[in-house]
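What follows is a short report on a single structure.
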Amino acid sequence: GQEAQFAFGEKRYALLGQEAIVEISFESSPQSSALQWFTPEQTSGKKHPFLFSQCQATHCRAIFPCQDTPAVKLTYYAEISVPKELVALMSANRDGEAPDPEDSTRQDLPFQPERKCSRLVVGALESRKIGPRTLVWAEKELVDKSAYEFSEAEAMLKTAEDLAGPYVWGQYDLLVLPPSFPYGGMENPCLTFVTPTLLAGDRSLSNVIAHEISHSWTGNLVTNKTWEHFWLNEGHTVYLERRIGGRLFGEQFRHFQALGGWRELQNTINTLGDKNPVTNLVINLDEVDPDVAYSSVPYEKGFALLFYLEQLLGGPDVFIGFLKAYVQQFAYKSIVTEDWKNFLYSYFKDKVDVLDKVDWNSWFHAPGMPPVKPTYDMTLSNACVALSQRWIQVSVSGLKSSCGLFWQFLFQAPLPLSHVQRMQEVYDFNAINNSEIRFRWLRLCIRSKWEEAIPLALKMATDQGRMKFTRPLFRDLYSFDKSQDLAVKTFLEHRASMHPVTSMLVGKDLKQDQ
């Protein structure tokens with residue numbers, strides 16, 4: 001949004017039909033919103049600096065001049081010069097290496113042309129081979145743990161190919177970034193970026209890898225033309241991710257994940273407000289920053305629509321045929337919702353009467369929860385709901401006899417403080433490494449006004465920068481009168497080390513920025 005300063009070279013004339021090469025010399029700023037720079041002290045190894053880029057949704061222009069829109073799919077060739085002790089990776093296949101002719105302490109790394117995303121990382125990285133087409137990259141201190149955590153990537157890739165068609169990008173590598181990375185993952189072709197918060201130690205959070213793998217078809221191969229139609233990327237990707245989970249772990253698991261997504265959507269809409277236009281599936285981003293409008297709505301409301309259509313049109317086997325045909329129809333293209341809907345009607349031309357009964361206007365353009373709730377297999381969730389209800393309904397005198405089963409549904413706030421304290425005694429949630437469980441547990445503690453949890457919640461909010469965790473934790477701490485001032489103070493102290501997008505949005509959440 002800042003005015004660019006530039007100058008033209010000498011005037012030249014080109015003949016009609018003559019090929020011309022336009023050369024632009026430019027440099028980025030240390031304040032570029034697309035780049036995050038780390039001092040050696042901020043890395044795991046403590047010896048070398050680190051750099052990574054995060055361009056979605058509108059930040060690629062903060063690195064180099066480009067048509068910064070998902071409507072344009074162009075190829076690029078890059079040559080990166082880095083110190084010899086560091087590794088440079090991009091969302092493209094590396095094409096060898098050579099000494100830098102101007103500096104013997106550096107090396108040049110060329111990258112083959114690639115489409116859609118331009119991503120860059122430079123750091124003291126090592127790799128481990130975890131599959132025939134997959135390396136996992138991380139700093140030395142995390143690389144072996146990462147290799148174990150993501151060892152199921154090839155099985156997920158093969159399952160995705162069976163569901164959606166051939167994987168066209170060649171290599172599928174994974175890169176574990178520093179903790180400030182603001183997302184769970186980012187689906188760069190050839191090189192998926194992931195957060196270290198996935199390193200639970202037991203592969204229990206590998207569904208995020210299934211999600212990023214799925215983007216190889218829905219998001220990278222078929223892309224939303226504008227960010228108003230972001231659900232085309234994310235709704236289909238969540239659908240394919242859960243189909244992969246269903247193949248690997250059973251249909252009951254898929255339904256359990258889907259029901260969790262419905263509850264996540266409810267939480268998001270409760271936070272944003274059910275009349276808020278950013279909860280529309282197709283939103284109006286006129287004069288709205290896509291980063292500010294970002295939420296789980298395109299993911300889970302989009303998935304709910306596809307899950308509902310699956311049930312309406314003949315079941316999983318029928319609907320996956322549509323998904324595969326959809327990918328084939330629009331491969332390497334950018335589309336809008338109307339393109340998707342027209343193809344849906346074309347593919348199910350014998351079921352137009354069924355499709356005409358769908359309330360499309362409410363699904364696409366109405367805020368709040370969807371007009372229809374899909375049907376879910378409740379087998380796995382019933383036991384969790386029953387146990388959560390026991391905790392909610394138990395009297396203080398009955399707490400000592402509560403059973404020790406693993407409680408899945410942490411977020412039933414507010415609970416009496418005595419109940420939350422007893423949960424800690426029974427389950428020792430404070431010792432759990434799984435970031436998803438720890439996040440929900442700490443939110444429950446803060447909402448139940450347990451002051452002893454304030455330092456733990458602040459620590460999780462600042463030790464990592466995944467917005468899924470950091471923003472709700474700071475919001476809850478800000479809403480608790482005992483921690484409001486400390487939340488603001490802690491944010492301001494850590495702001496400089498946060499990713500620019502995270503810093504901007506948390507600042508708005510805590511009313512420090514307009």
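Backbone N, Cα and C atoms are what each Cβ position is placed from, and that goes for glycine too.
Nobody curates TrEMBL annotations by hand; they come from automatic prediction.
As the structure is a computational prediction, the values presented were derived from the model and not from experiment.
Among the features that TrEMBL reports, peptide binding site is placed at Gln54, Cys55, Gln56, Pro182, Tyr183, Gly184, Gly185, Met186, Glu187, Arg466, Met467, Lys468. According to DSSP, Met467 (peptide binding site) is assigned to a helical segment. Residue density at Met467 (peptide binding site): 19 other Cβ atoms are found within 10 A of its Cβ, drawing on all protein chains shown.
DSSP assigns His211 (Zn(2+) binding site) to a helical segment in the three-state reduction. What TrEMBL records for His211, His215, Glu234 is Zn(2+) binding site.
The feature active site, proton acceptor is assigned by TrEMBL to Glu212.
Residues or ranges marked as active site, proton donor in TrEMBL: Tyr299. A 10 Å cutoff on Cβ-Cβ distances gives Tyr299 (active site, proton donor) a total of 23 other Cβ atoms nearby, all chains included.
Between Met467 (peptide binding site) and Tyr299 (active site, proton donor), the C-alpha separation comes to 15 Å. Within 10 Å of the Cβ of Gln56 (peptide binding site) there are 21 other Cβ atoms, across all protein chains. Counted within 10 Å of its Cβ, the other Cβ atoms near His211 (Zn(2+) binding site) come to 24, all protein chains included. Here the C-alpha separation of Glu187 (peptide binding site) and Glu212 (active site, proton acceptor) works out to 5 Å.
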